[in-house]
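Asker: Among the features that TrEMBL reports, active site, nucleophile is placed at A:Ser119. Positions annotated as active site by TrEMBL: A:Asp261, A:His291. For A:57-297, the entry in TrEMBL reads domain 'AB hydrolase-1'.
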Protein chains: 2
Amino acid sequence: MRGELAVALSMRHAGVRQVLLRYEVQGPAGAPVVFVAGGISAHRHVSASGAFPEQGWANALVAAGRTLDPARHRILAFDYVGADGRLDAPIDTTDQADAIALLLDALEIDRLQAFVGYSYGAMVGLQFAARHPARLRRLVAVSGAHKPHPYASAWRALQRRAVALGQLQCADAQGLALARQFAMLSYRTPEEFGERFDSAPEIVNGRVRCAAEDYLDAAGAQYVARTPVTAYLRLSESIDLHRLDPAAVAVPVSVVAVEGDRLVPLADSVNLVEGLHGRGQLRVLRSPYGHDAFLKETDRIDLILAAVLRGNGAAQ
Amino acid sequence: MRGELAVALSMRHAGVRQVLLRYEVQGPAGAPVVFVAGGISAHRHVSASGAFPEQGWANALVAAGRTLDPARHRILAFDYVGADGRLDAPIDTTDQADAIALLLDALEIDRLQAFVGYSYGAMVGLQFAARHPARLRRLVAVSGAHKPHPYASAWRALQRRAVALGQLQCADAQGLALARQFAMLSYRTPEEFGERFDSAPEIVNGRVRCAAEDYLDAAGAQYVARTPVTAYLRLSESIDLHRLDPAAVAVPVSVVAVEGDRLVPLADSVNLVEGLHGRGQLRVLRSPYGHDAFLKETDRIDLILAAVLRGNGAAQ
């Protein structure tokens, strides 16, 4: 089922704004609800269903036979506030968390069995757990921490500058494509590039063209086709605004870190778990996919979700 | 002493071109000659001298009391072919190596005591050692290998796209500044950014501004002021064109790798040394400055140069 909910959202840096919350839910009524939130490019359509058969962004994780089996859970997700490109103002992760609470109110969901957040979704999940602890039993925070790493923030700031450079000359699409291409380097790893693109460059029209450029062209074009520039800018900023005291999180949190993640260093995940005191547990995955491991190492992520969510059921 | 030498250079991808080789040499006549070559932004002025008192790009390494003491060596360096921005054609590292050989001919230098190359200079040094083995006793190759890593090539290709995006609208300076800023992220490490820029972002004129942005602004402006766009583009390409069979290098090579270098992974330096068979030896440095360690960890680099160059003297 899909729906839209108009709400007045009191935002941290932008006053009260009227926003439309677009959500999708699948799974049997009465089943425990799991909220799933992904990176800034994710959306409410997590996985294919009878009603909406197109592939979702986490199709391999929310599926029959998986821990997040929509026959046994209600899977709820939404489009991030700002994802439609209509809100041109600073957006905080606390705003996303509060929007989710409003959505749960409207859907009459008292308490989530779990909030599973990846990347930006992990940051939003941490804010949700800190601000609305009665609304969830457990958080699974994958590849996201209590604050962005300064190096990753610098990387994103430069991506936003690429967009600004494009906008100077009404080449918005080129700017956004370049920003996305730079982002791809942060989502993946040298190991993967070394394996996939290890051929000599070519000279095309007097210019050097490297082996990865076809891939990067495709990644840029695909992203530009589906992403409003304003949405990209404001959600990218939102990652950098994110900041949270782990001690304020009062529910159990499973922190999943990927060794080799170029955006979220393992040390930051360790700091998060330390700050959570007894409420945090850390699981570390090593993957050539780095930050994108959640989307690519789906068998291993599913095993972690199984351990965490079953452990949750038993322990509470 | 500074000089200029007009030569006809037979280039790998661009035919025969008339180029001007600008060089600088300091130190006593008759002393053993060391050629010093740096990154693509380096130039002939390596260090301050009586004749040219302004700071050089490796001022802390070529100085009284250092291994590369200009009282005991003649230190020779040049501006890379293409650095003046007048040569708008693909430039290969073999072209740079051949240009150096022509320069040695003109200066009547039969044989270098050593070639010390850092980053691009290490690549050029490897080509020089492969193509002109009689012209040097030993190569010290710091933070450069026999081929670029595909991930690093992708990173540079995107920097060149930032320049191209700027050029679309005659915003060449903005494009070049952005390219340089992205390059800075590859030259340094998350550890350094984490220590220097760990404060919350600000909202300035409704936009998020991260802690590292002042630093990045300065880095971009400084670079744009001294670098022709064409020079940047062609020398950046040149790194990606670089490719060499280590087995073709017939002189002793000391390979210095920095653990944490985001452009030259340690594995590539190891592969280089393996390919050199008995002629290579590896020294590994760990530094929060990553690829820029050569310029920042000058005490430790000097110790390595001392061990290598003295060892060289004893062994040969």
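Yeah, the Cβs are placed from backbone N, Cα and C, and that goes for glycine too.
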Asker: Rounded to the nearest angstrom, how far is the Cα of A:Asp261 (active site) from the Cα of A:His291 (active site)?
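Answerer: The Cα atom of A:His291 (active site) is 5 Å away from the Cα atom of A:Asp261 (active site).
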Asker: In Å, rounded, how far does the Cα of A:Asp261 (active site) sit from the Cα of the residue listed as 'active site, nucleophile'?
Answerer: 11
Asker: Sequence gap of 6 or more, C-beta under 8 Å: which same-chain residues meet both conditions with respect to A:Ser119 (active site, nucleophile)?
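Answerer: Correct list: A:Gly38, A:Gly39, A:Ile40, A:Val142, A:Ser143, A:Gly144, A:Leu263, A:His291, A:Phe294.
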Asker: With DSSP assignments reduced to helix, strand and coil, which class does A:His291 (active site) get?
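Answerer: DSSP call for A:His291 (active site): helix.
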Asker: Could you check the active-site residues A:Asp261, A:His291 and say which one's CB has the fewest neighbouring CB atoms inside 10 Å?
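Answerer: Each of the active-site residues A:Asp261, A:His291 was scored; lowest Cβ tally within 10 Å is A:His291.
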Asker: Provide the three-state secondary structure of A:Asp261 (active site) computed with DSSP.
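Answerer: Once the DSSP labels are grouped into three classes, A:Asp261 (active site) ends up as coil.
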Asker: Mean pLDDT over the domain 'AB hydrolase-1' (A:57-297): what is the value?
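Answerer: Across the residues of the domain 'AB hydrolase-1' (A:57-297) the model's pLDDT averages 96 on the 0 to 100 scale.
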